[in-house]
Amino acid sequence: MHNIAYSRLGDLQKSFSLYRKVPWWDHILEPDSDFVFRWHRIFLVTCLIALFVDPLYFYLPFIGAPGCMQFNLGLGIVVTFFRTIVDLFSMFHMLMKFRTAFVAPNSRVFGRGDLVKDPTAIAMRYLKKDFVIDLAATLPLPQIVIWFVLPALKNPTATHANHTLALIVLIQYAPRLFVIFPLNRRINKTTGSIAKTAWAGAAYNLLLYLLASHIIGAAWYVASIQRQDECWKIECRKEMNTTHSPSCKPFFLDCDSLNEPERKAWLRITHVLTKCDALNDDKNFQFGMFADAFTAEVASTNFIEKYFYCLWFGLKSLSSYGQNLATSTSSGEILFSILICSMGLVLFSHLIGQVQGYLQSTSARLEEWRVKRRDTEEWMRHRQLPIHLQDRVRRFVQYKWIATRGVDEESILRSLPLDLRRQIQRHLSLALVRRVPFFAQMDAQLLDAICERLVQSLNTKDTFITREGDPVNEMLFIIRGQLESSTTNGGRSGFFNSITLRPGDFCGEELLTWALVPSPSISLPSSTRTVKSLTEVEAFALRAEDLKFVASQFKRLHSKKLQHAFRYYSHQWRTWGSCFIQAAWRRYVKRKLAMELARQEELYYATMMDQEYSHGSEMEGEEGGGGGGGGGTSGTKNTTKKKSPHLGITMLASKFAANTRRGLHQKSLALVSDVSSLKMPKLFKPEEPDFSAFRDHS
């Protein structure tokens with residue numbers, strides 16, 4: 001029981017330790033995290049700044065007065081300040097490497113591999129691999145030399161300080177330069193390129209070239225100062241062996257001795273300045289490629305002018321591969337010239353290649369389109385296409401380039417995962433699809449399935465998208481532009497119906513009727529309308545197989561609500577409805593006209609009968625009055641004889657009226673038929689799909 005309690009207590013302690021907040025210095029960073037990625041970019045900029053700052057130490061010595069050299073203390077303070085900040089960044093980068101996980105080499109068989117997050121393993125790997133180089137690049141050696149070593153010397157001179165500082169900077173410059181290469185490679189491996197855009201990449205490579213020119217210019221300047229100091233020392237040693245009084249001393253060449261009376265006296269009688277003057281025609285000393293530093297008074301001017309002149313010299317030397325350099329016979333100067341020539345050849349070729357590659361990447365699509373357009377023109381000339389077809393082909397190629405810029409969107413989307421592709425398609429087309437009223441009735445799941453299968457369709461002006469009687473292989477949902485949809489009801493004479501489709505409308509609805517049938521035929525339905533583009537049209541197309549898949553997978557598409565919405569917004573159904581109402585109205589007008597004619601005929605003949613009957617009665621009354629003197633029997637017989645002719649006349653009049661009514665009725669029917677012959681023939685109602693699994697044969 002005690003063991004179980006202790007084990008449960010241990011589990012609770014472990015669980016609490018998981019929820020305990022870990023200090024930031026104990027965190028293990030993943031090499032592909034966003035923080036590490038951003039830090040690598042920041043540290044790359046810091047390394048470039050370090051490569052720029054270090055050569056500035058070469059500008060500290062300058063010609064302070066005739067025959068002496070001194071240090072620029074103000075420039076030294078500024079350079080040391082920036083160098084210290086850069087060193088702090090380098091130190092932080094070293095600490096980060098102790099807390100950055102790495103991928104185990106034996107786990108890279110498949111995928112990204114397994115991360116090693118053990119602090120001990122990370123530290124041991126870093127100590128064995130990159131620690132020494134990073135430490136050598138991070139040590140503040142120039143600061144130590146300038147502010148601690150040189151002041152501790154008994155007799156420090158500007159010459160000694162110049163040599164020592166230049167040597168330290170050159171030694172430490174190698175590891176600082178080496179740190180950039182693995183960092184650059186790691187960024188390229190993570191993101192594919194240093195710069196996100198082509199112009200940024202070209203600017204980055206140009207910046208590296210200018211950085212190399214900056215380094216060459218600074219090295220040329222410090223070498224020029226050393227060459228001047230070398231000449232002074234040679235001539236000074238010559239005067240020490242002569243009887244000049246006072247004799248030349250080495251500390252005279254330092255500007256700290258400017259106020260010494262002995263140096264002032266020596267300066268009045270010495271020939272060191274005249275023999276070490278680069279402008280002197282008597283070439284006692286060969287300055288070689290460093291003469292410009294003294295003929296242009298670069299060594300004694302202010303820092304800004306000095307820096308830009310040296311930068312220009314380095315850029316000119318690298319760009320011309322050192323062909324403008326006039327060297328002396330000095331082996332060090334010749335080696336320096338060879339280095340400049342080699343660096344110029346490599347760096348300039350690299351700059352041209354990289355900039356050309358970046359700039360070509362911006363115009364690669366355009367050049368590809370130009371080649372394709374040229375091939376299209378040659379093909380049309382070879383096939384001798386008519387002028388109007390050539391114009392249509394040119395318009396389509398131009399319109400497709402404007403709409404897509406040569407990018408194959410379908411291939412890009414196919415290369416992405418399904419979920420990401422669905423979200424992108426939803427983002428691109430959902431708002432446009434919802435503009436179609438028929439799609440506005442659908443739920444989100446059905447819209448996602450439709451958006452995933454929509455493809456872009458581009459059509460130029462006067463393009464026949466489909467013709468009446470052709471198979472329908474896609475539904476088209478208009479986003480921009482206008483289409484003309486017309487029908488002749490299978491070519492029937494006297495029938496023509498035309499409508500204009502605008503953004504939000506669709507065509508090819510016969511395909512939806514075909515897709516909703518449970519067991520559709522293999523052959524696609526025939527189009528009942530001819531669709532032609534009136535302007536340039538951008539639309540989404542839903543292919544037959546995709547629509548059939550959506551209809552089979554999502555039963556929501558079979559709902560009565562969507563079917564009614566489809567019939568309401570379908571122009572085919574609207575045309576049928578208008579023709580049906582028109583035919584019903586004309587049948588009603590026909591019946592009403594016939595009834596009106598019949599009523600008028602009946603009234604007319606009834607009036608005629610009444611008039612005939614009243615006329616007969618009057619004649620009978622007159623005859624009865626004329627024979628009133630006869631007997632009663634004879635009067636009755638005469639009356640009977642006179643009635644029988646009136647009855648025959650009445651029957652004949654009735655037959656005549658009936659025949660006349662029949663003739664007038666036929667004439668009215670003929671008139672109505674003539675009027676009805678001017679109307680459009682009846683457009684048969686589109687076939688409604690059977691949404692049940694089995695048909696009702698009752």
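Using the three backbone atoms N, Cα and C, a Cβ is placed for every residue, glycine included.
Note that this is a predicted model, so its numbers are computed, not measured.
Features of the protein shown, as given by TrEMBL:
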- 624-634: compositional bias 'Gly residues' (COMPBIAS)
- 438-568: domain 'Cyclic nucleotide-binding' (DOMAIN)
- 615-644: region 'Disordered' (REGION)
- 42-63: transmembrane segment (TRANSMEM)
- 69-89: transmembrane segment (TRANSMEM)
- 131-153: transmembrane segment (TRANSMEM)
- 165-183: transmembrane segment (TRANSMEM)
- 204-223: transmembrane segment (TRANSMEM)
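Below 8 angstroms of C-beta separation, residues 42-43, 46, 49-50, 53-54, 56-57, 59-63, 138-140, 142-143, 146-147, 158-159, 161-162, 225, 228-229, 253-256, 303 of the same chain, each at least six residues beyond the ends of the transmembrane segment (69-89), sit close to that stretch. Pairs of Cβ atoms less than 8 Å apart link the transmembrane segment (42-63) most often to 165-183, out of 131-153, 165-183, 204-223. As a whole-number mean, the pLDDT of the domain 'Cyclic nucleotide-binding' (438-568) in this prediction is 78.
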